[in-house]
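Here the structure comes first, spelled out in structure tokens, and everything after it is commentary.
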């Protein structure tokens with residue numbers, strides 16, 4: 001009786017007892033619509049948060065670029081390690097449906113905690129960091145736990161004979177992921193600026209349980225020794241899973257490149273010109289990958305793949321994945337070219353035991369500046385001349401006191417100035433009274449900002465667009481404020497006695513401007529200095545690398561998702577989905593190690609990743625050549641009898657031999 005009940009429940013959970021209703025006369029079950037919409041909403045939530053995560057670390061938690069990159073990829077890695085936990089829960093305890101429901105609650109709690117940690121009035125910086133990290137951990141367990149269940153649960157809804165519809169489902173499923181990503185990537189930056197499951201089977205727990213039992217003398221396969229204790233069907237299923245998992249070993253390198261879109265590529269974009277040229281801006285480039293996915297999926301399915309088929313080239317799933325790797329490597333070659341050009345006009349923050357310094361001569365004639373033991377400013381500085389750029393100043397420790405000698409009109413003046421490592425400074429030289437020189441050292445950012453220096457005898461309030469500046473009288477320096485790119489031709493400058501209008505002209509992306517205000521007989525005059533040059537490499541140059549990486553994603557990721565499902569036995573589809581997602585986790589670990597330990601220039605790091613992926617793609621192609629495709633659904637036909645029984649004696653007294661993978665119907669290699 002117990003055996004009959006198990007079979008009936010299994011049939012019901014698989015939809016074989018009764019056929020589920022279909023969508024509009026097609027072979028697609030109605031439940032698929034709910035699964036796709038659910039995935040759209042979940043990805044909207046995930047990518048909406050992740051779109052600004054690196055910038056949140058840098059600008060809100062005040063972490064440096066390397067730490068922000070490391071934590072970003074540590075979070076991404078955790079999101080793809082936790083699917084293993086989700087697979088265990090789904091296949092050995094709750095089932096896919098309940099696992100998705102319960103872990104989604106954990107997911108929502110994580111978002112709430114993370115949001116509370118981002119409220120400025122809630123605690124100090126330590127509280128913000130603790131709540132942010134706790135929220136990210138809960139999100140990682142939530143999103144990771146449901147990852148291996150949703151796609152497999154969707155595939156389970158199809159009847160066995162509808163394999164083509166199931167294949168197209170994975171493309172539609174992937175499109176829903178990227179549709180959610182597109183909308184969230186648009187909306188989040190805007191906000192920032194203002195079905196019953198199948199029968200539970202032994203699954204992963206059983207596979208772990210008999211591994212030790214199999215380490216015995218030789219048989220045709222080392223797992224065959226488990227026949228004495230475990231059902232033959234389970235052994236064959238574990239064999240199928242292991243063969244695919246071995247094939248997954250080289251795959252993390254693809255994800256090591258792919259997931260840098262949210263870290264290294266985002267940081268590259270912040271150092272480029274984001275002018276609205278041809279409708280291309282930062283937010284558009286950020287969502288370009290998801291947008292291109294929606295375009296490329298139908299193009300590849302209805303155009304590229306059929307054309308390749310017409311050329312009599314058999315494009316198997318593993319060949320598609322290898323081609324996707326090469327395209328991703330080309331993307332990083334393009335990123336390398338962009339990075340080489342970007343660094344020509346970008347000032348990088350100083351490293352440990354170094355400072356950056358610029359000198360502004362606001363005297364009436366040229367001066368010379370000498371730092372003891374260094375020739376950092378060997379040439380005289382002309383009056384009111386634009387600074388020639390930042391000069392690196394070496395320090396003996398975290399900070400150092402320099403006695404700087406300034407020579408003006410034959411007279412020497414000495415100023416004691418303290419410099420701190422990893423900091424940029426401006427040194428202003430001016431006259432307080434005849435025969436006296438004043439050295440004013442100001443610490444500031446090297447990002448795109450604007451500031452004013454007031455040499456007038458009255459305080460001045462300056463309005464630039466919507467931003468308000470205040471500069472005190474007698475060489476007072478205003479605060480540094482970021483101003484949107486644009487033409488500023490009617491800047492209002494108010495003193496206690498008068499009001500003036502000045503034309504600052506274009507304030508460009510990435511530039512740092514110092515505007516010196518002076519009172520002359522004809523009114524208020526100004527001198528605009530460009531301390532840091534504007535970014536002259538437009539962000540549109542990132543488009544080619546996004547095109548390559550997206551084309552690679554279509555061939556690699558979507559194919560891998562469907563391949564993981566098609567090669568997995570029914571009881572272990574969540575397990576193999578988790579194995580597929582684990583490759584993403586290990587890919588992020590690779591980036592984490594390189595970001596923290598390599599210490600390379602960024603363009604060199606990009607080139608290293610490209611070369612590694614090409615090498616890995618060759619290894620993967622060799623492994624794929626020897627892989628033989630199998631049809632897991634044939635297990636149902638082979639094992640028609642109850643697989644928990646002992647081997648049945650045949651009429652002549654001999655036992656039937658155990659079914660192996662060699663007995664199963666096969667398809668072509670690679």
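Each Cβ is built from the backbone N, Cα and C atoms, and glycine gets one as well.
Where the annotation comes from TrEMBL, it is an automatic prediction and has not been curated.
Looking at 154-172, 173-191, 192-210, 211-229, the range tied to transmembrane segment in TrEMBL is 173-191. Which of 543-563, 648-668 counts as transmembrane segment depends on TrEMBL, and there it is 543-563. Listed stretches 70-94, 543-563, 607-630 were compared with the transmembrane segment (240-257); the greatest number of C-beta pairs under 8 angstroms is found for 607-630. Nonlocal intrachain contacts for the transmembrane segment (129-153), taken as residues 6+ away from its ends with a CB within less than 8 angstroms of a stretch CB, comprise 35, 38-39, 42, 46, 49, 56, 61, 75, 78-87, 89-90, 96-97, 99-100, 103-118, 122-123, 170, 173, 195, 197, 561, 565, 568, 573-575, 577-578, 580-581. Counting same-chain residues at least six beyond the ends of the transmembrane segment (100-117), those with a Cβ under 8 angstroms from any Cβ of the stretch are 38, 42, 45, 49, 86, 89, 94, 127-132, 134-143, 145-146, 149-150, 153.
The stretch in closest packing with the transmembrane segment (543-563), judged by the count of Cβ pairs under 8 Å and taken from 44-63, 321-343, 607-630, is 321-343. Within its own chain, the transmembrane segment (70-94) is flanked in space by residues 53-54, 57, 63, 102-103, 136-137, 139-141, 143-149, 197, 200-206, 255, 259, 262-263, 571-572, 574-575, 577-578, 581-589, 591-592, 595-596, which lie at least six positions past its ends and keep a Cβ under 8 Å from the stretch.
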